[in-house]
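Accompanying notes for the structure given below.
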Amino acid sequence: MRPPKQAPKTSQHIGIEWATHMVWPDDASHKHNRGRLAVVSGGPLQTGAARLCAAAGQRIGAGWVSLIGEPAAALMMAHHETERLILARMPDHTLLDLLYGFDALVIGPGLGLSPQCHKDVVSVLTGFDRPIVLDGDALALVAQDGVSGELGQALCARQAPVILTPHQGEFERLFPQANPSVKLAATLECAKLYRTLLVNKGHQTIVATPQGRIGLSQSTTPFCASAGTGDVLAGMIGGLLAQGLEPFDAACGGVWLHSQAANRAGPGLIASDLIAHLPDLLNELAPSPLKRANPPADHP
Ligand SMILES: NC(=O)C1=CN([C@@H]2O[C@H](COP(=O)(O)OP(=O)(O)OC[C@H]3O[C@@H](n4cnc5c(N)ncnc54)[C@H](OP(=O)(O)O)[C@@H]3O)[C@@H](O)[C@H]2O)[C@@H](O)CC1
Ligand SMILES: Nc1ncnc2c1ncn2[C@@H]1O[C@H](COP(=O)(O)OP(=O)(O)O)[C@@H](O)[C@H]1O
């Protein structure tokens with residue numbers, strides 16, 4: 001008797017393999033063709049989450065990263081930012097006007113929950129045809145609407161890629177019928193329901209597509225449970241998307257680099273430490289000619 005056919009391998013631990021999809025710069029690279037990432041900020045007292053996110057997107061390789069905010073928030077960001085470009089959204093600007101030319105978008109960290117924020121998330125889901133990461137308050141707005149509400153329907157109808165990055169609380173609000181004791185099955189069901197790629201975070205992080213492809217990661221230090229680390233993950237994934245990685249590879253790459261950076265930071269970790277560990281990690285992955293130059297042996 002012939003052995004039964006093996007089930008297709010759809011689930012795997014997220015290891016270094018994703019890095020074969022990494023995009024590296026070459027002699028023809030310039031800042032505008034290495035990926036342009038936009039991050040939408042909240043109001044003037046809530047710019048920190050978006051700034052962490054944007055910094056992570058730039059460190060992971062996007063060549064041009066902009067932070068978008070209403071004038072008071074833009075001014076606040078301009079006081080802090082050096083490498084990120086600030087776009088002030090004047091009253092006559094729509095968000096889509098400002099997104100022209102960007103390769104990827106992150107919206108949600110520190111965004112707020114106002115009717116205008118709701119409108120903005122609807123407008124990007126229906127009108128921005130490049131990959132989007134929805135995190136933080138954007139997920140709260142989707143959960144408020146439910147799958148049959150305006151945002152849920154916009155997600156289901158969207159053709160271009162979108163990645164949702166909920167923590168456990170956000171996941172339970174997005175998918176209240178979930179049984180928390182079966183996280184993998186619940187994540188898959190939720191990805192199918194919203195027809196979108198999901199990164200369900202926590203001690204065990206699960207990447208799941210509506211088609212049933214899965215990546216698992218559970219080797220991250222619990223010191224990662226610190227405010228802002230999720231914003232950094234959203235920025236890492238956004239930065240990889242802006243560079244042209246396929247959504248599943250960008251999600252797995254972001255999760256892997258984030259967990260490696262967290263493990264290197266260890267006790268005392270705060271969110272910006274994850275960004276600081278990216279250059280060493282990327283240097284280890286880079287092809288030989290692109291690796292950092294070693295100082296001469298007699299260098300002080
Ligand atoms: N630098 C900055 O400016 C930062 C700004 N940030 C911004 O703040 C905004 C609010 O963000 P948020 O994460 O607090 O989200 P929110 O929707 O209020 O849900 C929180 C509630 O959910 C529950 N909960 C259950 N499990 C949970 C879990 N695993 N992880 C977390 N929560 C869990 C728990 O409820 P409890 O269990 O306590 O009843 C908890 O009270 C958002 O815009 C974000 O981007 C942050 O990114 C930080 C850095
Ligand atoms: N106990 C834990 N062990 C490992 N990683 C964790 C743990 N708790 C949280 N994390 C990770 O930390 C990050 C927290 O994300 P999130 O709660 O969205 O942060 P924030 O919204 O404050 O930026 C996620 O990447 C999550 O996987």
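Note that Cβ sites are derived from N, Cα and C of the backbone, with glycine treated the same way.
Together with K201, G202, H203, Q204, T205, the AMP site in TrEMBL holds one more listed residue from G169, G230, G235, which is G230.
From the candidate list G108, G110, the residue TrEMBL records in the (6S)-NADPHX site shared with A49, H167, D231 is G110. Residues from the binding-site residues list (A49, G110, H167, Q204, T205, D231) with a C-beta closer than 6 Å to any atom of ligand 1: A49, G110, H167, D231.
Less than 6 Å separates the Cβ from ligand 2 in the case of H167, K201, G202, T205, drawn from the binding-site residues G110, H167, K201, G202, Q204, T205 in sequence order.
Taking Cα separation as the measure, G110 ((6S)-NADPHX binding site) is nearest to G230 of the binding-site residues K201, G202, G230. Nearest to G202 (AMP binding site) in space, judged by Cα atoms and limited to the binding-site residues A49, H167, D231, is H167.
Annotation for K201 (AMP binding site): spatial neighbours T165, P166, H167, Q168, G230, L233, criterion Cβ-Cβ under 8 Å with sequence separation of six or more. Geometry remark: D231 ((6S)-NADPHX binding site) versus Q204 (AMP binding site), CA distance 17 Å.
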